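> Structure provided below as structure tokens; questions to follow.
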Amino acid sequence: MVTRVVNHRRFSATVSVGDTSQRSTSRYRCVIWSDGGSGVSNYADLIVKAPPTPIAPPELLAVGATYLWIKPNANSIIGDGPIILKEVEYRTTTGNWAETHVVDASTYKLWHLDPDVEYEIKVLLSRPGEGGTGPPGPPLITRTKCADPVHGPQNVNVVDVRARQLTVQWETFGYAVTRCHSYNLTVQYQYVFNQQEFAAEELIQTSSHYTLRGLRPFVTVRLRLVLANPEGSKESEEIVKQTEEDVPGLVPMESLQNTPYEEKIFMQWKAPNETNGAITLYEITYKALSSLDPSADLTTQKGRVFKLQNETHHLFVGLYPGTNYFFTLKASTNKGFGPPVTTRITTKIAAPMMPEYDTETPLNETETTITILLKPAQSRGAPISSYQLVVKEERKSKSRRAASDTPECFSAPVSFRNASALSSPYYIAAELPPSSLTVVQPFTVGDNKSYGGFWNPPLSPAKSYSIFYQSLFGASTQDSDAMEPEKQVDGTVKMAGVIAGILMFIIILLGVILTFKRRRHAYSYSYYLKLAKKQKETASSSTQQREMGPVTTADKSTTKVSTLHKDDPFSTSNQDLNGFDSSQPSLAQPSLTLQSFPYGGCESVELSYQSEGQTAPWEMAKKDENRNKNRYGNIIAYDHTRVRLQLLDGDPHSDYINANYIDGYHRPRHYIATQGPMQETVRDFWRMVWQENSASIVMVTNLVEVGRVKCVRYWPDETEVYGDIKVTLIETEPLAEYVIRTFTVQKKGHHEIRELRQFHFTSWPDHGVPCYATGLLGFIRQVKFLNPPDAGPIAVHCSAGAGRTGCFIAVDIMLDMAENEGVVDIFNCIRELRSQRVNMVQTEEQYVFVHDAILEACLCGNTAIPVCEFRAVYYNISRLDPQTNSSQIKDEFQTLNIVTPRVRPEDCSVGLLPRNHDKNRSMDVLSADRCLPFLISVDGESSNYINAALMDSHKQPAAFIVTQHPLPNTMGDFWRLVFDYNCSSIVMLNEMDAAQLCMQYWPEKNSCCYGPIQVEFISADIDEDIINRIFRICNMARPQDGYRLVQHFQFIGWPAYRDTPLSKRSILQLVRRLAKWQEQYDGGDGRTVVHCLTGGGRSGTFCAICSINEMIQQQNIVDVFHTVKTLRNNKTNMVETMVSSSKPVLPLI
């Protein structure tokens, strides 16, 4: 019981009941008493209620950078209801403040929060009555997202610039800018160095500055700072700064080219790959290290040369011969000189400096002797090993030379005895060591003594002699092999008023002759003093000087002059082609077809009358010493037309090479027919090319055919020395059917550098002959065009140098003959060829092929037009003749139809097989078996056939695969084709038409499998008339083969009712886009699948335009006829109308 005192003025009292608990119940009543008495109230029931509290924390529905969307979860509570008020109390987990918001819905969104801040959120619930608000429920602790940075870094500046680094500074920033506690600051930069673009980014850890290191000197660097957090990024303004210069790098060693001479060296170089700034100077220092001449004073042989930045060559003069010099070369920028590149160069040994001799009388004379004065020579680069006195009897059967002429080098030390046995006109009378001739002293010729192993026999009275005085370097005193005997010339020179035994000597200083001594392994320079022994006339008569020219061995060839001249009779069976004009195609009768005669026909009869096998002597080729120089024992060189190489010292058999001169049309020795070089004959081959001054080599074989080596690779990848011939590859121009390689050729000891081209015809099949002569004719015209008119013979070879070589030469001669005379005489031409080299045009098939080639050339003519003339020529040949209602271009297209080969059923037997019928849209448009791309990937029981044909472009064999639009049952085959042949592009030239079963064969999104090939869509875009799609394809049956990217070009600017596209510009844009994609993805070597409805007219037109575009870029000519003819050789329906064959070409020019 609780008692309270009641104030008399206020009859109320409050009683607190303690020690109650939730859900407890009690009964209470009030008892009142006073002085006047007491009273009792009724009982009242007291029930205790608890305020409500949520059981679970609020549920997070969504999070943003500045808001949190929650659900209070007020349905599950602890305590008593009813709930009349819901409130949300939130605060930051690190803050002291809190805010309360009344919630009047099932969800609530807290606004105006800070990004990337952790908040604690609680819910408060209230029931009616005082004290009805319960304690907060469990908290929800969550974080807002980051927000985009307010702005990028500001006030960015480069505060320190060096050669290889930049220091960047910016204004510091905090959370108010980043709006996220987790952020990255990076610097992005890019620059161009050596024409390559470098781009990178680096993470910055510092707060207000950063140094970029590892940059290149003297490059323009573009940089920006990027402030990024998980929600976004902001960039600063771009800053452009150039790094400072640095010292340059090394001058490329491979660019250093040195040409040594006797007293000078020519040096040239290229700028360093890393210039690191603007090159201002080059410094070259040189110093003599050693000399072959021990007496040379090298103390002054040093110096320093400075060259300006545009002077990358220098000629050093005043050097010593035979001296090894050490060179350093370095480049400089404004920062100074870079590291040097060093090299050693040795000057060539110079001829000794002979003393000057004035014309004078001898010191003493007798009938058998003559005493002369010898003066020592001064060595230049190498010590003199010996002096030789050479006596030569002058004979009167040869034309006489002036006294100033230079005789041949007396390199073989022939003694008097050997000279007599060999009928040699000269002999060595004495060999003197240099120690015996240190000062001027007399010497008696004919004193009957021996000097250095050589007898000095008495001279014969009443004979005229020339006496030579020569000095040698490294000359051996041993006798060399006997010389080939020369025919002796009878007679002596006698003068009027002879006084027996009285002789006069004329001393003449002669020039220098360099001869390589193979067996002595040294270079010998020889000066000669010619002492012409004459009979003296009377005192009143003037002195006459007569000399005999040197005896030379001439090639007394018995070769007949070619019969292919205008005044020669021709066979009466010749076809009359008068009026032939090679510049325009001849109009043939419609019945004329370009077909080979069947074997056993006219050509077969003609060939049977040709001489086969050996028809002339070939004794030199049969010698044992030369057997290993012949590839085949029965195809060797005739003696009377063989190419005689200049003899190498010490090797009397070194003049042989398996090669023969061949006469051209009105051009004797216009060709050299030779075998393909072997390992043993490569040096001889280049000796021949240099000796004959050939500017063109024609190669009509591949190195290996059917597993057999047909010819060794005789040319270098870069630079190679073959004997004493240095060959350097300058350029390689690959085309679809041949390759043109350009070389420079230089012979050791010669300053002349020649340019030479090799024309390598690569499309001659391993067996037989080419199916059509179109490619060979274009090849021959290119050889004609590029061969200089003043050059030596064209060297032509295959493997044996007979069959294919003969075909090339025969066709070339007949083209000249047809152009000049309007007739051809193939039979007599080949007969003449076979008289000069054995078995030229070796087989009946080759003989027929020559006829086919000439027929095609005569029908089609030369249709190539220079680019600069094409527009004018095109308008001219397109003009209609009002009388005939025709034009030249129309006639040309008719000729093209005539010479297009007819396809026989046996030519396309695979497409005609019953199992392949349903794979062809039309049985009239089939590809020849030889052009089919057989499928490789396996697809169940499907065959490996697809109606497609491989096509050459101008510069790449099998560059195109032309096919029909895939049928519903050949879509898998189509994608197998693309994958198997590594195609990187597809060109679609027709419209889709369900009526003609032209359905979509690619996925528009995701991926789809067509047979074993999975095609995955990557991207697509449209530009004018071209829809570009990129797919990724792989063979699911062979995932290890990887995948390929393929770009699909759908050309929508060619309606079905038109022969040509709506816009020439758009089709050319397609050509350029295709070329760009091919170059980027496959380096220009990828194949392209081209299709229209049937794989004919439109596809052929597109392939022709692509090929002509390449032709213009590489050769600067346009030849529409040749291009279309080449395509039709593989598929006859390529370019079906006249308007398709010419008009699209004009915008290319």
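First residue shown is number 1, and so on along the chain.
In case you wondered, yes, glycine gets a Cβ from its N, Cα and C as well.
OK, TrEMBL features for this one:
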type	residues	note
COMPBIAS	570-585	compositional bias 'Polar residues'
DOMAIN	54-147	domain 'Fibronectin type-III'
DOMAIN	152-246	domain 'Fibronectin type-III'
DOMAIN	247-352	domain 'Fibronectin type-III'
DOMAIN	621-857	domain 'Tyrosine-protein phosphatase'
DOMAIN	777-848	domain 'Tyrosine specific protein phosphatases'
DOMAIN	889-1137	domain 'Tyrosine-protein phosphatase'
DOMAIN	1065-1137	domain 'Tyrosine specific protein phosphatases'
REGION	538-585	region 'Disordered'
TRANSMEM	495-516	transmembrane segment
> Report the listed stretch (54-147, 152-246, 247-352, 621-857) having the maximum count of Cβ pairs within less than 8 Å of the domain 'Tyrosine-protein phosphatase' (889-1137).
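Maximum Cβ contact count belongs to 621-857.
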> Run through the domain 'Tyrosine specific protein phosphatases' (777-848) and tell me, per DSSP, how many residues are helix, strand and coil.
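Helix/strand/coil tally for the domain 'Tyrosine specific protein phosphatases' (777-848): 45 helix, 4 strand, 23 coil.
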> In the domain 'Fibronectin type-III' (54-147), how many residues does DSSP put in helix, strand and coil?
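Within the domain 'Fibronectin type-III' (54-147) the tally stands at 0 helix, 42 strand, 52 coil.
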> Summarise the domain 'Tyrosine specific protein phosphatases' (1065-1137) as counts of helix, strand and coil residues per DSSP.
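Summed over the domain 'Tyrosine specific protein phosphatases' (1065-1137), the classes give 48 helix, 8 strand, 17 coil.
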